[in-house]
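According to Swiss-Prot:
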- D490, D496: Mg(2+) binding site (BINDING)
- 557-619: domain 'KH' (DOMAIN)
- 629-699: domain 'S1 motif' (DOMAIN)
Amino acid sequence: MINPIVKTIELPDGRTITLETGKLAKQADGSVMLRMGNTMLLATVCAAKDAVPGTDFMPLQVEYKEKFAAFGRFPGGFTKREGRASDYEILTCRLVDRALRPLFPDNYHAEVYVNIILFSADGVDMPDALAGLAASAALAVSDIPFNGPISEVRVARIDGQFVINPTFDQLEKADMDLMVAATYDNIMMVEGEMHEVSEAELLEAMKVAHEAIKVHCKAQMELTEEVGKTVKREYNHEVNDEELRKAVREACYDKAYAVAASGNNNKHERFDAFDAIREEFKAQFSEEELEEKAPLIDRYYHDVEKEAMRRSILDEGKRLDGRKTTEIRPIWCEVGPLPGPHGSAIFTRGETQSLTSVTLGTKLDEKIIDNVLEHGKERFLLHYNFPPFSTGEAKAQRGVGRREIGHGHLAWRALKGQIPADYPYVVRVVSEILESNGSSSMATVCAGTLALMDAGVKIKKPVSGIAMGLIKNPGEEKYAVLSDILGDEDHLGDMDFKVTGTRDGITATQMDIKVDGLSYEILERALNQAKEGRMHILDKITETIAEPRADLKDHAPRIETMTIPKEFIGAVIGPGGKIIQGMQEETGAVITIEETDGMGRIEVSGTNKKCIDDAMRMIKAIVAVPEVGEVYKGKVRSIMPYGAFIEFLPGKDGLLHISEIDWKRLETVEEAGIKEGDEIEVKLIDIDPKTGKFKLSRKVLMPRPEKK
């Protein structure tokens, strides 16, 4: 007998979310079916009983999958089944992973797999905002150790009002789109985009989201009680040697502190100095002893190194590379280093460097999006590549990973609002990270701004980005907010808070917090400190190039657009595409046409102005409305005993009656020297109101002979 347990959560606007367990996927360690309207997500979690030998990290894998059947659709492709994860699914995985990962115990190293599957969708409610809640609820009803629960909500600002988990339609009207994950007590993760909002407005949105999350967390706690999973499984994944831990600290801490406070701004030299301390300590042991003790020494020394770095910052205000907490690394920029792309730039900040290129394309280059719930075309693309050599690693480069997709998406969100909505070009920005020591996604934003301006893209305002960090020990009042963090400060610190924006406000943000008890006061300080840093970086950008170039590069495509009444779309295309293809062959231009907002939108692109002008002239002739009294240059299509048929506009023929050819009487058309294929000037003298036929005259354009 199945006896499911159901919990209902009510949103501020009266909509409800239900969490049901005990009915589906009962062999998983935990499973929950979440439902909101007709959107249904099944989240399952399974954990291995034992840790993977030699593992000193949290082997968590989060998968999010949308089934096409959920929305009554067939998958595309030859096989007609779901394939590899889309970018949207990967980004949703990352949102959930980043919220869950910090809350597993530090000494828990068993493999944990979280699977979230969209089984039903209505196209109204957005499933990505529900995935975090579903995953946390599955953990809540399991016996897997987890310091949750958490929940994740989307908060949008629409007409000045904050809305929790807006619908697809509502989100289109929002000027702020923020995903927030939190426990009952603390915010853990934030990511979103916005239309140049202030720091205070961003904080307000976080607070609104957190209040909604508290309700979700309370429901999960009640669910845990009802299921009877308040006591989690016992585990022992770490073997410790307290004497060895003490010995490592006594022998290494002062030396590690000296390196941390030395102010060496060379990452590899610092790494070698820290590594030498550990190897010196290991040298006292035999090879046989090290087989057992080396993993423990590595773990204990990592803790020592972390503490030394943190204490140097908290006690002396000295960072690893010698900077003050608010100081930005040296910046140099260059625009136009590459002659081939339509725009390019180098942005270097300390040991982080991005070489970014911009390519301009036509409508044919748009990216087609065909996910389960997301359809359309994207005209602004940003790709981020992170090769191993950027950190000096000797390893093969594989395909694009989740991290690269996530970092590229953040930079895309930061910049996309500055591309004018009516900009005719499809724009692709590609950031190649050539060096990395922290904040490479923010370097991408800065290099992207420079490259777009170098390409002559008429961006509204330049955008810069900065990554902020935090050092805060539990139970200590003292803390330090760090501007422009290094990779080690990200790894050994408590927060990674990325903020991008123009001079007038924030355009995108991403925050991951690894510590409990982070107050809004600290967040406010971090945001204000980030603003100072952003303004400094913007100054460096505008010193290099103050505004977009007036003209495109010579080898960039040229585009002209025009709109026509939709009833002329067929005339421009022609039967089987004959007319439009003929124009393209004749002129060398690329012509695209689509119906938008009840009008035909035509885009003509080419490598030179002449081919575009020729194509535009031909299109204008096709869509021109014949006017009585206008003079046209037409081609003789056929000759009849009673006159000639003239094509005076593309696709429009009129009769030039024999009596209208000349003032003198003609027996045949040929007497006037007219033959098929000739081009002659004619005047439209009448349009038959019943048949719509056109009557032309040639003689009215000729001098009338005087009467004898």
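Using N, Cα and C of the backbone, Cβ positions are placed for all residues, glycine too.
Local packing around the binding-site residues D490, D496 was summarised as the count of other Cβ atoms within 10 Å of each Cβ; on this measure the leading residue is D496. Helix first, then strand, then coil: DSSP counts for the domain 'KH' (557-619) stand at 32 helix, 23 strand, 8 coil.
Following the DSSP three-state reduction, the secondary structure of D496 (Mg(2+) binding site) is strand. Under DSSP, the residues of the domain 'S1 motif' (629-699) split into helix, strand and coil as follows: 8 helix, 36 strand, 27 coil.
Per-residue confidence over the domain 'S1 motif' (629-699) averages 88 (mean pLDDT, predicted model).
According to DSSP, D490 (Mg(2+) binding site) is assigned to a helical segment.
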